Amino acid sequence: MRSRTLAKRRAALAAAAVLPLLLSACSAGSLGSSSGDGSATTIKLLVDNAPDNLQAAKQLAKDFQAENPKIRVSVETRPGGTDGDNLIKTRLQTGSMADVFSYNTGSLFQQIDPTKNLAPITRDPYVKRLDKSFLPQVTVGDQTYGVPFGSALGGGVLYNKKVYAKLGLTVPKTWAQFIANSKKIKAAGIAPVIQTYQDTWTSQLLVLGDFHNVAAAEPDFAEKFTANKAKFATDANAAKGFAYLEQIHDLKLQNPDYASATLVKGLQMLATGRGAQYPMLSTVIGAIKTSNPDQLDDIGFFALPGDDAAANGLTAWFPNAFYVPKSTTGDKLTAVRKFLAFTASPTGCTSQAKASTPTGPYLVEGCTLPSDVPAITKDVAAYFTHDAQSPALEFLSPVKGPSLEQICVQVGSGITGAKSGAALYDKDVRKQAQQLGLPGW
Amino acid sequence: MTTVVPTGPPAAEQPKLATRTRRSAQTHSPYPTWFYLPAAVIYGTLFLVPTFASFYFSLTRWTVFRSTFIGLDNFTEFFQEPALVKGFVNTFLYAVATSGLKVVLGLLLGILLTSQIRARGYLRSVVFFPVLVSTVGVGITFTALMDPSTGAINSALSAVGINGPGWLTDPSLALFSVALVDVWKGVGLATVIYIAGIVSIPQDYYEAARIDGAGPWQLFRNVILPLSWPATSTVIVLSLIGGLRSFDLIWAMTRGGPGFSSDVVASVIYKQYQAGFYGLSTAGNVILFLVVTAIIVPLSRFLALKEVER
């Protein structure tokens, strides 16, 4: 008796709860069809909150919607850096990822377990338009998972062209020339090498940006490194990046406030000529454009020089990519594929270039750079045109130690020497390799 | 009879405990057993399960997507972590320095603010004010103030002809600077505890001591210090626990830098988590839990013992 009344009451409750849902569903449907876009699909796009990327994503969404009035793209943001990594991993794991999202290519891409979490797009026609240097960065086994969002970028040295002209310097092709230039700049009372350790990540460029030189001297380094057969501390070529950091500190070539300076401050120093050279990624163009728009074209770019002038070339970083999680299905998946096709097309490139300044070439067939790009972009693109570039180590090997930035700060501040810094990094790297379950570690 | 039925599952898990509660419920608890169920469910899902899950995950290599059981490897790895040894040393230095300074300054401020001075109420609230401010806000503010070239502190020092150090950028000073800020922020709480302790000392003791001819120093040494012992032990335990698990202020001010020179155990753990080494960072948390317990339990026993002897 008691249980039967309970059941009845429960049924009534359930009906009461569902009724408004039904009603609202009805009204939404009828409203939709009366206004004429009842079949509109909304897809959610998740990008990081860096202003350049956000602007480009919004512009892409806008131009895509203009071409496809039946699809709406709503742009959501996430934090960048490691917080963003954890957010991406959590949302993928809980199946709550947006319909399409941007994330790093290369080693970080391997860490989100693409085969388990992402929908492959290998057979889609637009994949054929992607640059062949880019494809391995978004491919696991024989499946491809992403299209590039943004342009490639270079890691090297940003330099103030006015300072160089005033002191009669030429772009260095070897590290010895770089040091010689720096000494002359120091004699002129200008900070030769800008370092900004308040933003720790900026300290890594002398190590990471040197990889073209490592690869030129030792083409199989990345392979041996991944297989635990080459170490930064013991490999003569790889150890040089750390030695460079030690050297600029020992020769006092850094700006005096290197320990407390920030990226923004460093860029201002460079733009105003208080500093002459800044080892950096070309991705900071947007930031210079915001802080010192009038001086943007005073700044040029050269690849970090090594020992061999003949092998001089650029260490290249690949852009982020758009990926589709497995949780996207049905109409949304069709819509997302259209969006990816649009992104990986010349119109898509133009759309992105409208909203954010390209930092290097776009890696899609048929895309060209606008003629009014800043000098930095032209300098970076020239290395690609002359094919004098190789990808950074993080695009050739899934192994990248998370503490490199702190270790570089230590070496660059003279807290530890180059040798022990490199050895410390090797230990850091081991953890990452074990976490990834790579053989041989 | 029917009321007992819902306790079936917990009874299966912990038969001994369940029988005991059931018996006591029948004897003198005014509440039926099911009355405890909501709290037990919340406690179980939000505290017990995660705690035991964390013990398990600390034994695995965990990528969020999959976990591999690797035994105690995470613990050996964690103890080989180059930053960890420094982190432990720094944690103890930080905890001892902050709690020591808080005891000394808190006691002195407590005495000052219980004496007959002008604007006492106002001064009391001024001392307490930093406790109310967000730690991260304090951290960011002091990072700006302590900037070696543009910060207010060094500008003030250079006005009197002193070349101020790089408070947060000098590797040997960074941790000490953060500890000072922690003391500034936390001393208000210590002071309030001391004020309560000192005020509760009966006037008779002072009178008796004065009749015996005690001066101010002897009053302090033989009356205030021993009789405010409960306050001292509370301040020590609170600030030591706070110091051992300190993270927010250090992270806001130096992120463990420059390099690893101001890393503490908690920031080392956080960095492992950031890097995606979830198993390793969970192992670190288990270690931190054990270390804090191993220090605080005997310490609070010891302090309580001294209190009784008084």
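Even glycines carry a Cβ here, placed using N, Cα and C.
Positions annotated as domain 'ABC transmembrane type-1' by TrEMBL: B:88-299.
Residues annotated as region 'Disordered' in TrEMBL: B:1-24.
As annotated by TrEMBL, transmembrane segment applies to B:33-57 (among others).
The annotation transmembrane segment is assigned in TrEMBL to B:92-114 (among others).
Per TrEMBL, transmembrane segment is recorded for B:126-146 (among others).
Annotation source TrEMBL lists transmembrane segment at B:183-202 (among others).
Beyond the transmembrane segment (B:223-244), the same-chain residues lying 6 or more positions past its ends with a Cβ under 8 Å from any Cβ of the stretch are 91, 94-99, 102-103, 106-107, 110-111, 182, 186, 189-190, 193-194, 196-198, 201, 205-206, 209, 214, 265, 291-292, 295-296, 299-300, 303-304, 306-307, 310. Marked as transmembrane segment by TrEMBL: B:223-244 (among others).
The transmembrane segment feature in TrEMBL is assigned to B:286-304 (among others).
Note on the transmembrane segment (B:92-114): residues 120, 123-124, 127, 175-176, 178-179, 182-183, 186-187, 189-191, 193-195, 197-199, 220, 224-225, 228, 231-232, 235-236, 239-240, 242-244, 246, 250, 264 of its chain, located 6 or more positions outside it, place their CB under 8 angstroms from a CB of the stretch. Sequence-distant contacts of the transmembrane segment (B:183-202) (same chain, six or more residues past either end, CB-CB distance under 8 Å): 98, 101-103, 105-107, 109-111, 113-114, 124, 127-131, 133, 135, 138, 223-224, 227-228, 230-232, 234-235, 238-239, 242, 249.
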